[in-house]
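Listed in TrEMBL:
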- A:20-44: transmembrane segment (TRANSMEM)
- A:45-475: domain 'Cation/H+ exchanger transmembrane' (DOMAIN)
- A:56-73: transmembrane segment (TRANSMEM)
- A:85-102: transmembrane segment (TRANSMEM)
- A:114-137: transmembrane segment (TRANSMEM)
- A:157-177: transmembrane segment (TRANSMEM)
- A:250-272: transmembrane segment (TRANSMEM)
- A:292-317: transmembrane segment (TRANSMEM)
- A:338-355: transmembrane segment (TRANSMEM)
- A:375-396: transmembrane segment (TRANSMEM)
- A:416-434: transmembrane segment (TRANSMEM)
- A:446-470: transmembrane segment (TRANSMEM)
There are 2 protein chains.
Amino acid sequence: MAIFDMLPVKFSPFTSSILNTSTVVAITVFVTLLCACIVIGHLLEENRWANESITALLLGLVSGGVVLLVSGGKSSRILVFNEELFFIYLLPPIIFNAGFQVKKKQFFKNFSTILLFGIIGTIISFCLISLGAFLLFKRLGLTSLGIKDYLAVHIEHMKIVFAAAIGAIFSATDSVCTLQKDTLLPTINSGSSFFHVKVLNQEETPFLYSVVFGEGVVNDATSIVLFNAVQSLDFSDIDVFTALKLLGTFLYLFCTSTALGIAVGLLSAFGIKTLCFGRHSTDREVAIMMLMAYLSYMVAELLSLSGILTVFFCGIVMSHYTWHNVTESSRVTTKHSFATLSFIAETFIFLYVGMDALDIDQWKESNASAGTSLAVSSTLFALVLIGRAAFVYPLANISNCIKRRDGDKIELRKQFIIWWAGLMRGAVTIALSYNQFSSSGTSSSTVYSLLITSTIIVVLFSTVVCGSVTKPLINAVMLRNAKPTTSDAADFASLDDLRLFFLENGGSNDASGNQEAPRSSGFRLLMRYPTYTVHQLWRRFDDRFMRPVFGGRGFVPVVPGSPTGAADDQTS
Amino acid sequence: MAIFDMLPVKFSPFTSSILNTSTVVAITVFVTLLCACIVIGHLLEENRWANESITALLLGLVSGGVVLLVSGGKSSRILVFNEELFFIYLLPPIIFNAGFQVKKKQFFKNFSTILLFGIIGTIISFCLISLGAFLLFKRLGLTSLGIKDYLAVHIEHMKIVFAAAIGAIFSATDSVCTLQKDTLLPTINSGSSFFHVKVLNQEETPFLYSVVFGEGVVNDATSIVLFNAVQSLDFSDIDVFTALKLLGTFLYLFCTSTALGIAVGLLSAFGIKTLCFGRHSTDREVAIMMLMAYLSYMVAELLSLSGILTVFFCGIVMSHYTWHNVTESSRVTTKHSFATLSFIAETFIFLYVGMDALDIDQWKESNASAGTSLAVSSTLFALVLIGRAAFVYPLANISNCIKRRDGDKIELRKQFIIWWAGLMRGAVTIALSYNQFSSSGTSSSTVYSLLITSTIIVVLFSTVVCGSVTKPLINAVMLRNAKPTTSDAADFASLDDLRLFFLENGGSNDASGNQEAPRSSGFRLLMRYPTYTVHQLWRRFDDRFMRPVFGGRGFVPVVPGSPTGAADDQTS
């Protein structure tokens, strides 16, 4: 066309030439694929096997293949996998939204179990996977894979470091993957009513969701400590003192990260309550909530803390206080826009992993036969299976021994689901694997590439196979022995006497003066019903000291008949 | 602290080491400053001189200065100014939101005036500024500024190219700046009621807002054509044919960009209406609206069209059709989250410009005395003043001659405000200036640097001075001769006979068959009341053909008593 020839396509400087064409192409392709994922995910909603993450992964694989064909086998990567993109822009909204939407009561009720799994479980899994990887390297003969120019003692050391790195990478539960599991995630579905949670079976499995996801969050702090330990410690003379030091570091990381998240959340609540942003503009409220949440993550990263833990707790505090201090339209907006951003980020990650899987350079470099690749990846996956089984079953039984009430015990079928649901490895694993194995020296690049390609295989297999099987599996397991499940209501049903007791002692908001009596009896109760008592004490503290300062439900004017009441019941 | 020594800060690979520390620091600083801007902007809300953009600019300048002092005069740029960041991530949400929230009736009522200003006005301004810049270069003696190693004829050519580039850069009205002008922007302020527009004096100036902002949008397409012309044409033998070719290119760009935006908007409306995303999840609706809007911009850039025009029209179509097809909570969410994203992007841009102004490298490189710098920048600003005056007043008077009704005429005080409000130059100008003058050869780098620093001075001066004066100025001008202003209601008040006529001829939705009668009389009416008639014809076409297919108000079930009704009145 003449008009096309007339346009100097190479130079149109006002906007077009400023933008790098390859960037524009990459973004266009990704946004188009994201739209396709959303539409396909919507159409497959009723399907029991597929979900959005598998769709995104497969679509990513297909388009990666198309690009590979078009480019003549050169490269399938339109956008180079970038850890910064992942950790700075995609992960924070996902984790923040998880904290924002989590059922706080369930989460804190199971907090001891979560800590047990997240700390002890990760250490057990780490040790087993590292040991397995070490034996695997011994068996494969790491020398045959490229490291010939090292001394024997050096090779031995590298094997240990590699094994430990693999242990740390694969023992980290992928919290993004856990969230994606359709069956465990309390997705929000607002039709005419505002926050109507789907009643498939998410409502039946809040316990499992909080345990598996919470474990993934806590386990981030454990992983940082383990990784540092691998790098800085000499494993040949490990002693009690070193172990105690590591424990100290973990506690420091855990407490400071959590405290930072809570502090930022409270600051946002206090600021919005004091300054009344809503008086002038809704946008300012929403903007300040988004920015403060993001700030908490970045500050944590700046201080070398666990950004994931920080932003998670910031989300919890924001949903408990800040969210109630803003105007009604801000509430609707934040609730949905956080969920949407998280949803887009998740879909993007899976799409990205899918497209990245056909990274031809890594496959060429790895140089290994299909047999070796398959052997390494199946061994790694087997190690993940064993490593997880090795802590879920024992720890669940220990937890059962401690808990006296039947309702609190973790039955065998639940243990099975906890084991299964934490198996998926996703983008976090790939990002860590790239970070660990791609930047280092060149002499052992074939080993590095082999490890990266094996990681990709494990991720693809676990996401597609485990992901599609989980939903029907949980249905089958939960339906076969369909006992009444542990829901919040059933939990406290037998505790009418307790509630009565608290009422008698002024357990309501206007309790004043007679604090001594419930505290002394409180101790007795703490022994009998620890979770419930802690919850009651917290509620009282919250009502008397926190809410008057930081706002929260009941401490800001609520429009009668507003849909917020229904929403409150779910978030508190 | 012992615990700090224990932490191997240099290597904490799980999250911290993956992130480049300087990136984390830059993001933390920017997010903190953004929060500060929002809080300060909120506190200064009642102040008549300050607004958020000036706050952001000054805060940026101050923090740039602090960084400069801390780094010992090395560099004030934490984040290097990046055109890609600006054009890919910051500009699209701002322009999309402007289209989404614009008062469509006002905008299209003044469409002819907008086109006149956006096309003819830009060309006049471009010619004048280019001529002025050419004479300036001649006077300054460009050779004294670094281009000594060129032939005389080459220098002459470069002067022309430079002058034309400056003309193109400075004749482009900065649509972001126009939006920021607090007094012209219909900010949305939702307290208890949903979309309650502030009644300061934005309600009184919808005409001015639509003209000044609309001109900025249309002028993007003009600028692309002019820029291409500068680069590809030889100005020594310009003839009628070349001018016609340029006009053809402009029309092609304008029509295709607009058509693309409308097509994507309609596609989103049709898709959401057909697939009923809201049935399963609100998040999908919101996500698909965001992604489609962004996609329209990227596709336009990919095809070398005007992304700004495309995304603007996509926003208009989405607010007219798509927005009515989604669930109620999606409506609230999109309305506010688009506004919030745009608000954050705007504040970020001004902060960025402020921090960037102290770019010590450019100042050092420019090598010019303070006198020269000041002379160049004041000349440029004077050229902008003259160039704008040279088209606003004549074109407004031409437009007045064509329009017969008194209400449609642009009075002198309105002309003055149109002239004044379009003076501000902002981030778009800086981005274009960097793009044009920083990437090229090294021999004339001192001229380049001088031009960049002069641009920065002009931007700072125009934003701070014009920005803070505009609000009181408009108040003064509008109040001094306080006639009843041209509002939509007053406009059509005298047209009761017309409304009657249309009712008689079946102007309501259920018009059927008797299409011939109103059309023939419609032509007569078109001559007498062109805008009103076109509006009526469009309404009828919309009701009969478009809305049944693409949805829109009245064609999707509306919950009675919902706040959407109020919102509709403003967006349609």
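In case you wondered, yes, glycine gets a Cβ from its N, Cα and C as well.
Where the annotation comes from TrEMBL, it is an automatic prediction and has not been curated.
Within the chain, the transmembrane segment (A:292-317) has long-range Cβ neighbours (under 8 A, six or more residues past its boundaries) at 87, 91-92, 95-102, 104, 107, 175, 217-218, 220-221, 224, 253-254, 256-258, 260-262, 264-269. Listed as Cβ neighbours of the transmembrane segment (A:85-102) (distance under 8 Å, sequence separation of 6 or more from its ends, same chain) are residues 175-176, 179, 186, 188, 210, 213, 217, 293-294, 297, 301, 307-308, 311-316, 318-319, 323, 334-335, 338-339, 341-342, 345-346, 348-349, 352, 427-428, 431, 571. Within the same chain, residues 50-52, 55-56, 59-60, 63, 78-79, 344, 347-348, 351-352 sit at least 6 positions outside the transmembrane segment (A:20-44) and bring their C-beta atoms closer than 8 Å to a C-beta of that stretch. Between the transmembrane segment (A:114-137) and the transmembrane segment (A:56-73), fewer than three CB pairs separated by 6 or more residues in sequence fall under 8 Å, so the two stretches do not touch.
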